[in-house]
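For reference, the structure discussed in these notes is given below.
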Amino acid sequence: MENRWQVMIVWQVDRMRIRTWKSLVKHHMYVSGKARGWFYRHHYESPHPRISSEVHIPLGDARLVITTYWGLHTGERDWHLGQGVSIEWRKKRYSTQVDPELADQLIHLYYFDCFSDSAIRKALLGHIVSPR
């Protein structure tokens, strides 16, 4: 049997941004309560040695899984230091990877309603839009 490789997109991220992400997730899960239903998996709960953490975010009947990695090969810049993030959208047996911009839009669509319903229309018309 021959080897089969699966390629996964991992975004190289500064470790301080990963720490900020983890603390932001924990704040919204345990303090503000805006992240109801989110599940945080620590590195010691994962069988994979490179996984630093996983956050499972329910989006209707699907979910977004954000996995942080450590110990990867260093990137082009010194500050990468082998840290990375992969973002996956899963629904039943189907999964696909998404980019950080789409993940941000999905999370804000379901959990953080920052603007009123008419904000998009006002923005398109050139009016100033402010959060609630």
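Each Cβ is built from the backbone N, Cα and C atoms, and glycine gets one as well.
Residues or ranges marked as Zn(2+) binding site in Swiss-Prot (evidence: sequence analysis): HIS108, CYS114.
For THR96 (phosphothreonine), the same-chain residues 6+ apart in sequence whose C-beta sits under 8 angstroms from its C-beta are GLU88, TRP89. Taken from Swiss-Prot, the feature phosphothreonine applies to THR96, supported by similarity to another entry.
The region 'Interaction with host APOBEC3F' (14-17) scores a mean pLDDT of 82 in the predicted structure. According to Swiss-Prot, the region 'Interaction with host APOBEC3F' annotation covers 14-17 (among others), on the basis of similarity to another entry.
Under the heading region 'Interaction with host APOBEC3G', Swiss-Prot lists 40-44, citing similarity to another entry as support. Within its own chain, the region 'Interaction with host APOBEC3G' (40-44) is flanked in space by residues 25-26, 29, 51-56, 70, which lie at least six positions past its ends and keep a Cβ under 8 Å from the stretch.
According to DSSP, the region 'Interaction with host APOBEC3F and APOBEC3G' (54-72) comprises 0 helix, 14 strand, 5 coil. Look at Swiss-Prot and you will find 54-72 tagged as region 'Interaction with host APOBEC3F and APOBEC3G'.
Residues or ranges marked as region 'Interaction with host APOBEC3F' by Swiss-Prot on the basis of similarity to another entry: 74-79 (among others).
Residues or ranges marked as region 'RNA-binding' in Swiss-Prot: 75-114.
Counting same-chain residues at least six beyond the ends of the region 'Interaction with host APOBEC3F and APOBEC3G' (54-72), those with a Cβ under 8 angstroms from any Cβ of the stretch are 10, 12-13, 15, 18, 21-22, 25, 35, 37-41, 43, 46, 82-91, 98, 103, 106-107, 110-111.
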